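Taken from TrEMBL, the feature domain 'Aspartate/ornithine carbamoyltransferase carbamoyl-P binding' applies to A:5-145. The annotation carbamoyl phosphate binding site is assigned in TrEMBL to A:R54, A:T55, A:R104, A:H132, A:Q135, A:L267, A:P268. Feature annotation from TrEMBL assigns L-aspartate binding site to A:K83, A:R165, A:R228. Sequence annotations record features per position, and here TrEMBL assigns domain 'Aspartate/ornithine carbamoyltransferase Asp/Orn-binding' to A:152-301.
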Amino acid sequence: MTKLRHLIDPQDFTVEELEELFSLADEIVKNEKKFKNVCDGKILATLFYEPSTRTRFSFEAAMLRLGGQVIGFSEPGSSSVMKGESIPDTVRTVGSYVDIIAMRHPKEGAPRYASYYSPVPLINAGDGGHQHPTQTLTDLFTIRQTKGRFSNMTIGLCGDLKFGRTVHSLIKAMSRYENIKFILISPDELKVPDYIKTEILDRNSIEYLEVERLEEVIQELDILYMTRVQKERFFNEADYIRLKDSYILDKEKLKLAKEDLAILHPLPRVNEISYEVDEDPRAKYFQQVKYGMYVRMALISKLLGVM
Amino acid sequence: MLYIDSIVRGIVIDHIKPGYGFSIFKYLGLDKADFTVALIMNAPSKKYGRKDLIKIENNIDLDLTMLGFIDPNITVNIIEDEKIVEKINLSLPEKVEGIIKCKNPRCVTSTERNIVHRFVLVDEEKGIYKCEYCDQIYSWEG
């Protein structure tokens, strides 16, 4: 990864490149001090056209822990975007000052468009409801760290599977590994879109099952990826009342689960995981947050060619 | 039977899927032409049963990418002295630029100035394209 590379779509990296990245992230986890100066003299720009404090902090913390520095904006109102500057002009200008850019934008495809003009590596830090590749890297790295493998697993995805971009990306990403089975747990109104089923699951002959209730299948799962289900997503209140408790993971439901289940969540959580679950060793979502920073450290290092 | 005079020098766009002839006619601006043009719809076709065709009594620049995108079965015949001197068979282009616009209001193309709308072929069999930026799926029929 020494020539100019960007990360726009989770599929931009091959399985081998991902493994290289995760091995580096793993090394950083084990011996962070060794990496504290690798980005000495390098600058990251965080161009956040919409606020996303957690993702921005994660990028900034990653760069600072690598010994680099950070500049940027966290809303377009405080930048030349307000004066009508185009995306190509912004990235060409900022790319003259910095070594790497992380861009968050409310418009889908904006980072792809920006990457055509960027003189430095550009990372998609989320574009509307479209892609969020560093969240996918985070999810994959958490799976690798907690399960020690990517193959031979049953993965349950629970909640809003229709609008959840992290779910779509994770299905795409995990579909590249062997012997994966998905159990898709959602109300009828929030099922995974058909194109994911036909283009990813059917095309790759990946086994999957669609169910409405978590408690029916939780005992089968190796990974449980929870997402938010909001009341306003339901078409009628009766359905919401019927199903709302199905999507709250609590101690009772966890009694049915495997001892080595790994519970993941992209956060923020609302009420889909009870606080009592936080103490359970199977709850990995706060570790997942930390792994997100480490994987971003590895990504920045790789894209800058310093590692 | 309807008879349309053959043309001396120009272009015949043949084997257009029935119903698409009018769209192509409009797209090529032939409704404003000051030379002879004929749009024939639902003509009998040995190959497809029915077809549209357009006869143009002039040599005009044709966007073959656009025609291939609309219908890859179209044949373009170049006519000189009332004879076909060249027959061009079309195919679905791998990339389509600036022909159609992405309809996704959340796409970056909806706000950026001077951005070229680009689509890439994802399913040759079904003629399905996706927006290069936002992945929205398109076919000529929408």
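Just so you know, glycine gets a Cβ as well, placed from its N, Cα and C.
What TrEMBL annotates, mapped onto the structure for a quick look.
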| residue | record | DSSP class |
| --- | --- | --- |
| A:R54 | carbamoyl phosphate binding site | helix |
| A:K83 | L-aspartate binding site | helix |
| A:R104 | carbamoyl phosphate binding site | strand |
| A:H132 | carbamoyl phosphate binding site | coil |
| A:R165 | L-aspartate binding site | helix |
| A:R228 | L-aspartate binding site | coil |
| A:L267 | carbamoyl phosphate binding site | coil |
Binding-site residues compared (A:H132, A:Q135, A:R165) - the one with the fewest other Cβ atoms within 10 Å: A:R165
Spatial neighbour of A:T55 (carbamoyl phosphate binding site) that is closest, considering only the binding-site residues A:K83, A:R165, A:R228 and their CA atoms: A:R165
A:P268 (carbamoyl phosphate binding site) as reference: those binding-site residues from A:K83, A:R165, A:R228 with C-alpha within 10 Å of it: A:R228
The domain 'Aspartate/ornithine carbamoyltransferase carbamoyl-P binding' (A:5-145), counted residue by residue under DSSP: helix, strand, coil: 73 helix, 26 strand, 42 coil
Cβ neighbours of A:L267 (carbamoyl phosphate binding site) where a neighbour is any other Cβ within 10 Å: 16
Number of Cβ atoms other than its own within 10 Å, given for A:R104 (carbamoyl phosphate binding site): 25
PLDDT averaged over the residues of the domain 'Aspartate/ornithine carbamoyltransferase carbamoyl-P binding' (A:5-145): 95
A:R54 (carbamoyl phosphate binding site) to A:R165 (L-aspartate binding site) - Cα separation in whole Å: 17
For A:R228 (L-aspartate binding site), the one of A:R104, A:H132, A:L267 that lies nearest, given that the binding-site residues are compared by Cα: A:L267
Candidates A:R54, A:K83, A:R228: member of the binding-site residues with the richest Cβ shell (10 Å): A:R228
Candidates A:R104, A:H132, A:L267 (binding-site residues) with Cα within 10 Å of A:R165 (L-aspartate binding site): A:H132
